[in-house]
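S.K.: Straight from Swiss-Prot, here's the annotation block:
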type	residues	note
BINDING	Leu32, Ser33, Gly34, Gly35, Leu36, Asp37, Ser38, Val39, Thr40, Cys41, Leu42	ATP binding site
BINDING	Cys223, Cys233, Cys236, Cys239	Zn(2+) binding site
Amino acid sequence: MTNTALPTSSADQENDTQLNELHKSQNAVVLLSGGLDSVTCLYWAKARYASVTAVSFDYGQRHNSELIAAKAIAETAGVNHRIIDIDIAQLGGSSLTDHSMIVPDGDTDKFPDKKRDEIDNDAIPNTYVPARNTIFLSYALAVAEVTDSNHIVIGVSSVDYSGYPDCRPEYIAAFQHMANLATKAGVTGHHLSIQTPLQQLSKAKTIELGLSLGVDYGQTISCYQADANGFACGVCDSCALRRQGFAQAGVADPTHYQS
């Protein structure tokens, strides 16, 4: 697992340079939802790896206009793109897949001092999709094996988050350990890593990173209940974090809002 920590010595800088050179000969799989974080990860991976495959999921989400965004983003970036069908919606348990449930309004101040290791059940919103990241990463792991990729890139963060347990560093570390125990690649010495370049970045810092890499955030859809045209509701948790991020970064928000 990796983060965005900077090297602290000349030896660290030399090791970092050698690692970057190694990565340029390797391939990566990027989980691409069509949102702000995942497109930043896509461009981050493009700058580091020889070949990148983007993977998106049609899982019965109410905001499936994000898949249209993901397709356009992948085409703009010039990367291979796979959309995988998984019917998670039949399981229920989330307002993102169950239309009888209400998507709550966002509140960026609801966890001002709470760290990820202090998350409790009351802090997990109903937009959490049961086991979603585990399911997505498992499919990405299979794609990594068939595309001879050493890395899977996912846009989880420990700074700006919605209280999801499957975005924590310890979860990512555990999945990476499992991946190297449970795959042909892992047991034959081809180490698989889960890369989390946004893990320690706020939404504002993520936006700054993306802009430095050439990301067009006008293509992205973050909203949990975007309409068929991709217009965002402006009030859900994801919209609240996105609005806050652009404001803190001092950058104009290119999002099309419903009102």
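Note: Cβ is positioned from N, Cα and C throughout, glycine not excepted.
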S.K.: Please report how many Å separate the Cα atom of Leu32 (ATP binding site) from that of Cys223 (Zn(2+) binding site), as a whole number.
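M.R.: If we compare the Cα positions of Leu32 (ATP binding site) and Cys223 (Zn(2+) binding site), the gap is 15 Å.
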S.K.: May I ask for the distance between Leu36 (ATP binding site) and Cys233 (Zn(2+) binding site), taken between their Cα atoms and rounded to an integer number of Å?
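M.R.: Pair distance, Cα basis, whole Å: 15 Å.
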S.K.: To the nearest whole angstrom, state the Cα distance for the pair Ser38 (ATP binding site) and Cys223 (Zn(2+) binding site).
M.R.: 13
S.K.: For the binding-site residues Leu32, Leu36, Cys223, Cys233, Cys239, which Cβ has the most other Cβ atoms within 10 Å, all shown protein chains included?
M.R.: Leu32
S.K.: In Å, rounded, how far does the Cα of Cys233 (Zn(2+) binding site) sit from the Cα of Gly34 (ATP binding site)?
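M.R.: With distance taken Cα to Cα, Gly34 (ATP binding site) is 16 Å from Cys233 (Zn(2+) binding site).
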S.K.: State the Cα to Cα distance, in Å, between Cys236 (Zn(2+) binding site) and Leu42 (ATP binding site), rounded to an integer.
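M.R.: Answer for this pair: 24 Å between alpha carbons.
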S.K.: Using the Cβ center of Cys223, Cys233, Cys236, Cys239 as the Zn(2+) site position, which other residues in that chain lie within 8 Å, going by their Cβ?
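M.R.: Not counting the recorded site residues, we get Val103, Gly106, Ser222, Tyr224, Gln225, Ala226, Ala232, Gly234, Val235, Asp237, Ser238, Ala240.
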S.K.: Is Ser38 (ATP binding site) helix, strand or coil when read with DSSP?
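M.R.: DSSP call for Ser38 (ATP binding site): helix.
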S.K.: Relative to the Cβ of Thr40 (ATP binding site), which residues of the same chain, six or more apart in sequence, are found under 8 Å away?
M.R.: Gly155, Pro197, Leu198, Thr206, Ile207, Leu209, Gly210, Leu213, Val215
S.K.: If I take the alpha carbons of Gly34 (ATP binding site) and Cys223 (Zn(2+) binding site), what is the distance between them in whole Å?
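M.R.: Here the two Cα atoms lie 10 Å apart.
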S.K.: As a test of the contact definition, list every same-chain residue at least 6 positions from Leu42 (ATP binding site) whose Cβ is closer than 8 Å to its Cβ.
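M.R.: Listed in sequence order, they are Val30, Leu32, Val52, Ala54, Ile73, Ala74, Ala77, Val79, Val153.
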S.K.: Within 8 Å of the Cβ centroid of the ATP site residues Leu32, Ser33, Gly34, Gly35, Leu36, Asp37, Ser38, Val39, Thr40, Cys41, Leu42, which other residues of the same chain have their Cβ?
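M.R.: Here the non-site neighbours turn out to be Leu31, Ala70, Ile73, Gly155, Thr220.
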S.K.: Kindly assign Leu32 (ATP binding site) to one of the three DSSP-derived states: helix, strand or coil.
M.R.: coil
